[in-house]
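A short worksheet on the structure shown next.
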Amino acid sequence: MATPAYRPSAQPQPLTVDFEALSYISRLVEAFQAFDSDNDGLVTAPELRGLLASLGLNKSEAEARDMLARADGDRDGLLSVEEFLDVMNAGELGLGALGALLQAAVPALESFAGGPDGVLGADELARVLGLMGTASAEDCAEIVACMDGDGDGTITVEEFKLMADLL
């Protein structure tokens, strides 16, 4: 059954977010996940090299090992998605306030969507963020579009939570 479109009684203020930056970070996370062959949230130097190549950054094996060594904050010989985003200067994009807003919405979204595996579209996100008075329906459509890796117009609560935690 389709959820009716959310229509707030009072219009929230539009977010001042660089949605291109959000899309960029989302693409980096998707690429990272694609090269994380065992889905443990970490990549090895050879996986990092493939990941960088997929982004158009062709590095030698030695360059990839050196990059990993410089970015590997916990010195475990592996690169986490957070460390990878640091290497790619994602933290300089100024999305921390959006991350805090999205993190605040996670509990309500989990409840609304029936748990972390629940699926959200722009209308569902607008319903929750609109009730919080924090985002317009247009903003919510942009957020979902930025995070929607497969182009179906939806994201899972878990995908939403991951992005919120990484911003």
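Each residue's number is its place along the chain shown, starting with 1.
Glycine is treated like the rest: Cβ placed from N, Cα and C.
Automatic prediction, not curation, is the source of TrEMBL annotations.
Note that the structure is predicted; figures quoted are calculated from it, not measured.
On the 0 to 100 pLDDT scale, the model's mean across the domain 'EF-hand' (23-58) is 93. Summarising the annotation, TrEMBL assigns domain 'EF-hand' to 23-58 (among others).
Through the fold, the domain 'EF-hand' (59-94) approaches residues 18, 21, 24-25, 28-29, 32-33, 36, 41-46, 48-49, 51-53, 166 of its own chain, all at least 6 residues removed from its boundaries and within a Cβ separation under 8 Å. Taken from TrEMBL, the feature domain 'EF-hand' covers 59-94 (among others).
Per DSSP, the secondary structure of the domain 'EF-hand' (135-167) breaks down as 21 helix, 2 strand, 10 coil. Taken from TrEMBL, the feature domain 'EF-hand' applies to 135-167 (among others).
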Composition by DSSP (helix, strand, coil) of residues within the domain 'EF-hand' (59-94): 22 helix, 2 strand, 12 coil
